[in-house]
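All remarks here apply to the structure that follows.
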Amino acid sequence: MAPIADQSYTYDLLIIGGGSGGLAAAKEAVGLNAKVAVLDYVTPSPLGTTWGLGGTCVNVGCIPKKLMHQAALLGEAIHEAATFGWQLPDPKTVKINWELLKTAVQNHVKSVNWVIRVELRTKKVEYFNALGHFKDAHTVIGVTKKGEEKILTAKNILIAVGGRPRYPDIPGALEYGISSDDIFSLERAPGKTLVIGAGYIGLECAGFLNGLGYDATIMVRSIVLRGFDQQMANLVAEEMEQRGVHFIYQAKPKKITKQEDGRLLVDWVDKDGEIHQDVYDTVLFAIGRRALTEELKPENAGLKLVSETGKIEATNEQTNVPNIYAVGDVLHKRPQLTPVAVHAGKLLARRLFGNSTERMDYTNVATTVFSPLEYGCVGLSEETAIMVHGEEQIEIYHAYYKPTEFFVPQKDVDRCYVKVVALRHDDQRVLGMHFVGPNAGEVIQGFAAAIK
């Protein structure tokens, strides 16, 4: 790496990435009198989808996902309302208008994009709509949509570029498949949909599509909700199956072919090596995400990546290059959650410019899977607790429960369940809590504070 000749930099902090973590750091830093710039650029998805400032959460993650989840819950409520005395048209005739839903969701997203732009301008954060890569450890080259280059220098650089969905290396995947980057702004109704991947993104997408009245199938390569408590994961999958979501287990896609009628013929192979086929209107890939680190040309700055994941290993958000930091989904073995990135970004800015010593604590962070019946959890899964402490040291407390609102419409309560993972000694200290049921995302927050 070439030495820097001039040690006077244009910015105190240059942030590559305009998502939740980067923006939080930017706003905190300017409040502490730092001169800050943000580079942000969205490379179109294979389908051509792009979006505005705000990153994954605002545009193609938490916000549109929760709105579509809410739309599905409202549809469910309409079908139950008659049992509570509401005089409605035949609920079976009530249908979703995809165009109206998509427009409402995108209008809200665009309003958030606008608020972010105004806020950056008000706080005097310089914003560049350009794709950034390193020239050296203190210099970033931003390339605009027109191919124009802008050279920016900074004493400190923060990487907050996040990630994008992976696509499998099979014929037709890039040409005909979509991802969570596309579903929330899809121009046509998705129709019969195959979701490939059974992580939380796959389950959430299949869940709200099913709730909106579309035929949804999930193709599972190995297990559902890898990394989560498997008893709870299986409860969620069983409940979704009861709602009509189809699951194809132990299967991998082989190719996608577009038929003359525009529908998609999918070939897949099962665990015995047999080939199967079915036709879908939409194929959505949710097989994981990759960090957008290679695009940064990290070698120019001497920045090391974890070879298995392409992510950045950092101590207190500081990389192996002392003046380069990272927050959010690019960090290796850190929770990929918006509030985590936001808090880490704020704390980093305070340490850099406000004489703070407070560090980010990544342990016991609550998370929620917004499946039709939500799953909220905090702390260790039963499997992880046993692996860390030994089975003989773990005590499990569990119970099924019956939400009152389920009684009148006679909804199945068999999968409303809570589990607490505790140590047998140490005054039965709680290591983890898992909750499947209505509003699990809200319920788990209070317990998360207690466990923390």
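Cβ coordinates are placed from backbone N, Cα and C, and glycine is handled just like the others.
What you are looking at is a predicted structure, and each value in this text was computed from that prediction instead of being measured.
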Going by TrEMBL, GLY197, ALA198, GLY199, TYR200, ILE201, GLY202, LEU203, GLU204 bind NAD(+); tell me which of GLY273, GLY288, GLY302 is listed for that site too. GLY288
Determine, for the NAD(+) site, the additional residues of the same chain whose CB lies within 8 Å of the mean position of the CB atoms of GLY197, ALA198, GLY199, TYR200, ILE201, GLY202, LEU203, GLU204, GLY288; present them in sequence order. VAL195, CYS205, LEU225, ALA286
So, by DSSP, how many helix, strand and coil residues make up the domain 'Pyridine nucleotide-disulphide oxidoreductase dimerisation' (365-452)? 29 helix, 29 strand, 30 coil
When the binding-site residues GLY197, GLY199 are compared by other Cβ atoms within 10 Å, fewest goes to GLY199
Model confidence over the domain 'Pyridine nucleotide-disulphide oxidoreductase dimerisation' (365-452), averaged pLDDT: 96
Measuring CB to CB from CYS62 (disulfide bond), give everything in the same chain under 8 Å that is also at least six residues away in sequence. THR338
Near the Cβ of LEU203 (NAD(+) binding site), how many other Cβ atoms are there if near means within 10 Å? 27
Same-chain residues six or more away whose CB lies under 8 A from the CB of GLY132 (FAD binding site)? ILE16, LEU39, TYR41, VAL140, ILE141, GLY142, VAL143, LEU152, LEU296
